[in-house]
Each structure stands twice: as structure tokens, then as C-alpha cells.
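Q: Take this structure, written in C-alpha cells, and hold onto it; I'll ask about it next.
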Amino acid sequence: MDLETNRADSSLRRHSFKFSNAVNPIYDDMRDVMESGIDLPIIPGDDLSTASPVSPSPLEIISPLSTEAIIQCDDKKQVLHIPCAGDQERGTMADGLRFTPYASLCFRHSWGNVLTRYVLEKLFGPGVIGLTSNGSVLYLDLPSNMVGSFLMGWLGIVFKGDISRVSEHLAIGLTTGYLGSLTTLSGWNQSMLNLSVQGKWAFAVFGLPLGFILADYSISYGVRTAQTFQRFLKTQRVIPLNGLSSAERSWKMDKFWRRFAVVVVLLLTLGLLWGISGALEKREFHSGSSGAELWLACLVGPLGVWIRWFLACRLNGRGLGKSGLLKWVPFGTLVANVSAACVMAALATLKKAVNTQTCNTVATGIQFGLMGCLSTVSTFIAEVHLLRESKHPWRGDAYALVTIVASFGLGTLIYSVPVWTRGYDH
């Protein structure tokens, strides 16, 4: 579909954007996938009353782990397939080879997001630039949330179709494994909880909407700049206007031997990365340094990515009960974010109660890796935008409010109340 400048500009003026303007054409031999391979689909506004951001297709019978999304483009509805385990050929080797590359790439890219988040935290933190800190509304994870949301606008929305034409596995690995986990809602929420227990309620109350607004604008600005760059590339014939080039076809994962080769390489890479992380963690563990926390985070981070993907497959677009109540709510992402925030708060309470070096190292590593990868801001913000573009724009703000209030409210009960009542050191 053509990118319509006027529509994109008008959408951005009201701090939102039309996803239909950001997604590239869908070709017959390629089905586009959005964030998480699951989390970030596009649905026409007319269908949002009966379908969530990721809803099962009514056109075919699919397994509980399969999801479909519908996109409206120039009055045409196209089905976007989001790969999940068991979609087709269930129980066959072909199915395993089809699913494993998606999961493996998500796992592999999760190492990159943990390391990137760590570098950004140190770079913008008190030790170097000094822009962010634990005692400020500019919390330590703010740069990674903004950078991840901005890049999601580029790689997860505007250029997702172009990347998927070459490799759906790469597209999902970048969005789910890297960008989706580069941003973390649990870290943001815990920073606000820390401010509240320090008596800085004004900072905590102001920091919640500030963090949301900055991430919100980051993804919008990412889409706008990416659309401009994409138009430039098309005018220079760098990106084909339609059809797949011969080079792109040569990279398609449509052959058994190609899938098998990719699976072998990815599994070997995963084993190597886990081995390196394990060896470094063993060397650093008893030192109690930040390095010990980092390598433990790298070990457990991939599990957080997989859980988030699994929840999105299972819960997004299915609603509550047999009647499918509230199908428009992406419950998979909601559960991932709120549960990660709760466990993050519980681990913070545990550190206060036990207060030993070993406990601090293990708990911090799990917080930074597992909970940081389980929760996501970029997917959450993109879903909010999607819901705002429906016939019921209030749903976007309602979804955002429920996520933020539930995370902060439950976190207060789990972390802040014990700190206040038991007199733990702030």
C-alpha cells in the first residue's frame, strides 16, 4: 500500500499514527508479522469490537497457540499470520523446523537487548552522563525505553514488511527478541515504587505519566522519520515498489534444508551464548559485582522473552470466558507486564528482607534479565496507538491506564507496604 503523507502527518499531529500507513505491502508468498511475532498486529477499526490486537482468524481452525490479525488497506482486508507453535503440520518435523527458528532468534536477540539496556543504563546514569538516576523521575531505564520505542517505529512497523520479505525469522527476532525486550515496563514501575518509599510521592506520581508520554512520542517520531526515509529509498529504487527481487527470494526460508540449516546454526549459537554467559557468571558470582548480575541476567533473559511470546499466543485476542468478553484487550501483553511488575516488586522486597550479597546478586540478575525481558514498553505503547485508531479511541487510554495503575497498585502492596510497615532501609 502507498504511504500517505497527509494522513500520517495528521495522525501525528494528534500524537498518534495510523498503522495502515506504516506497514508495507503484503505479498502472496509472504505474510507479514508484527511485534513479538504476536503482539503488534493491525486491525481495521470496524473489527476492534470483536477482535483484539491479536485475534484468531475466523477463516480457519487454528491451535490455541496460533493467532491471526487483520489489516485494512485501501478497503481490502488481508490476513497477517503470526507464527506460533502448532499452526500447521502439528507434530511433524516440518512444524518443528518451522517454529524453532522463531524461538531461537528471539532467544539469541535477548542477549543483545540485555547488554544494550545495561550499556544505556551505565551511559546515561550517574557514572557517566548523569542524566538518569534512581532518585529522579528520569529513571535508569528511560533511555532504553525511548530508544526501543523509537526503533520499534522503524524496524517493527515501517520496515517490518521489507525485513519480513527477506526473512520472517529475522523480523520476529529483531522485534520480539530485541526491541520488545529492550524496553521494560517492570523496571520503570519499580523505579517509581522506589521513589514512593523514599517519600518522593510527587516524583512517583509525575514519573508515571512522564515515562508514558516520552515512550509514546518516541514510537510516533520513529514512525514519522522511518516513513520519510522509506519514501526516499523508494524514489532511489533501493526498495522495490512491488514484488520480490531474486536476491530476496534466494533468502526465503521456504525449503526444508534451509530451515534445517538455520535451526542447527541457531541452536549452536544459543549453546555458545549460554556457555559464555555461564562461564562468566561462575567467575564473577562471588564478587557481588555488577558483572555477576549482568551475566545472570543474560542467562535468564531468554526465558522472559519466551514467556511473553507464549502469553501473547495464548491470551491475546481471545477475551474472557467462552463468550470472549473484552476481546479487544491484549490480555497476553497485559498479563506479562503486570506479572513482571509484581515479581519485580517481590524480589525488591526480598532483597530488603534478606540483605545479603548472594541474595542481592541473584535477585537483581533475575529482575534485570527475566523480568526486564518479560515486560515490554514498545509493544504496550504500539497497542495503545492501535486501539486509539479504532471506532472506540477511549480503549487505548483505558488499556494504558489499567496497565499502569494495576502495575503500580499491586507493586505498592507487594513492595512499598512491607518497607513502610517493617521499617526496611530505604
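Every residue gets a Cβ built from N, Cα and C, even glycine.
Found this in TrEMBL, in case it helps:
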type: TRANSMEM; residues: 137-158; note: transmembrane segment
type: TRANSMEM; residues: 170-189; note: transmembrane segment
type: TRANSMEM; residues: 201-223; note: transmembrane segment
type: TRANSMEM; residues: 256-274; note: transmembrane segment
type: TRANSMEM; residues: 294-313; note: transmembrane segment
type: TRANSMEM; residues: 325-348; note: transmembrane segment
type: TRANSMEM; residues: 368-387; note: transmembrane segment
type: TRANSMEM; residues: 399-420; note: transmembrane segment
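For each feature listed, report its degree of burial, its nearest neighbours and the pertinent distances within the displayed model.
A: Long-range contacts of the transmembrane segment (137-158) within the same chain: residues 19, 22-24, 34-35, 40, 113, 116-117, 120-121, 123-125, 131, 171, 174-175, 179-180, 182-184, 187-188, 191-192, 195, 203, 206-207, 210-211, 214-216, 218-227, 230, 372, 377-379, 381-382, each at least 6 residues beyond the stretch ends and with a Cβ under 8 Å from a Cβ of the stretch.
Residues 16-17, 19, 35-36, 39-43, 48, 53, 110, 113-114, 117-118, 141, 145, 148-149, 151-152, 156-157, 179-188, 212, 215-216, 219-220, 293-294, 296-305, 307-308, 328, 330, 333, 336-337, 339-341, 343-344, 347, 393, 395-397, 399-400, 403 of the same chain sit 6 or more residues outside the transmembrane segment (368-387) yet have a Cβ under 8 Å from a Cβ within it.
For the transmembrane segment (399-420), same-chain residues at least 6 beyond its ends with a Cβ under 8 Å from one of its own Cβ atoms are 185-186, 189-190, 192-193, 196-197, 208, 212, 329-330, 334, 337-338, 341-342, 344-346, 348-349, 352-353, 380, 383-384, 387, 426.
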